[in-house]
Amino acid sequence: MNIKNFFEKYNIKINDQQIYKEALTHNSYANERKLKYSYQRLEFLGDAILQMYVSKFLFFHYSKLGEGELTRLRSSTVREESLSRIAKDINLGQLIRLGHGELMTKGYEKQSILADIFEALTAAVYIDQNEDGLLIWLEQTLFKYMKDPTFINVTKDFKSELQELLQSEKRSDLKYIIENEEFFVNENKTLYTVSVNLDGQKFGVGKGYSKQEAEQNAASDCLSKLKKPLTN
């Protein structure tokens, strides 16, 4: 499927194909072909756009929630796991331009790449279609997901959930420790490995392309291992 046919499904008639090619071009592809562009600059813009429009959506659709809860929902919505799931649902992986190495390791299925591409493509739509086209795109992708009745339950804050569990048991010795930082040149990102330690013992491990994401995943792993409330 080409770019034009892909966007026809969303009633978007593209004007500048080049901006979409840029949004779908991974660093590995650009390096192999000595291109002067990849999706990274558009990813930067797309991240800011999603922060803004997700904030507006939450503000107007969840009028009873306070600032803290809105912030939690926004963070959960724009995190890698959520965006990559949407990218998979719309079959975005088939459009990504990857280098040979990334193709061999199925880079089109990697959460980090799928999330980045969704951000970059969102920026491309905004540049090419302005706000009207952007809203058409978001309504059929991200906002559709956010309108699901289970949305609030799905976007969990595992760190807060773990903290509440420990507080209920009057336990406070909780620490998140960065165990490893691995830099990936092709993606220009650092993969963090974080452990959750309770009373000096490791109870969970998580990875992510930000410290916050790694901590959330570590907390989730910890919660899954705590089959029953902690006791003194």
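Heads up, residue numbers simply count up from 1 along the chain you see.
Each Cβ is built from the backbone N, Cα and C atoms, and glycine gets one as well.
All chains included, 18 other C-beta atoms sit within 10 angstroms of the C-beta of ASP47 (active site). Positions annotated as active site by Swiss-Prot, on the basis of sequence analysis: ASP47 (among others).
GLU119 (active site) falls within a helical segment according to DSSP. Annotated active site per Swiss-Prot: GLU119 (among others), in sequence order.
The number of other CB atoms found within 10 A of the CB of GLU43 (Mg(2+) binding site), across every protein chain shown, is 20. Sequence annotations record features per position, and here Swiss-Prot assigns Mg(2+) binding site to GLU43, ASP116, GLU119.
Taken from Swiss-Prot, the feature domain 'RNase III' covers 3-130, and the record attributes it to sequence analysis.
Taken as a whole, the domain 'DRBM' (157-228) shows an average pLDDT of 84 in this prediction. For 157-228, the entry in Swiss-Prot reads domain 'DRBM', with the evidence type sequence analysis.
Take the recorded positions ASP116, GLU119: by the count of other Cβ atoms within 10 Å of each Cβ, the lowest one is GLU119. The two recorded residues ASP116 (Mg(2+) binding site) and ASP47 (active site) have their Cα atoms spaced 9 Å from each other.
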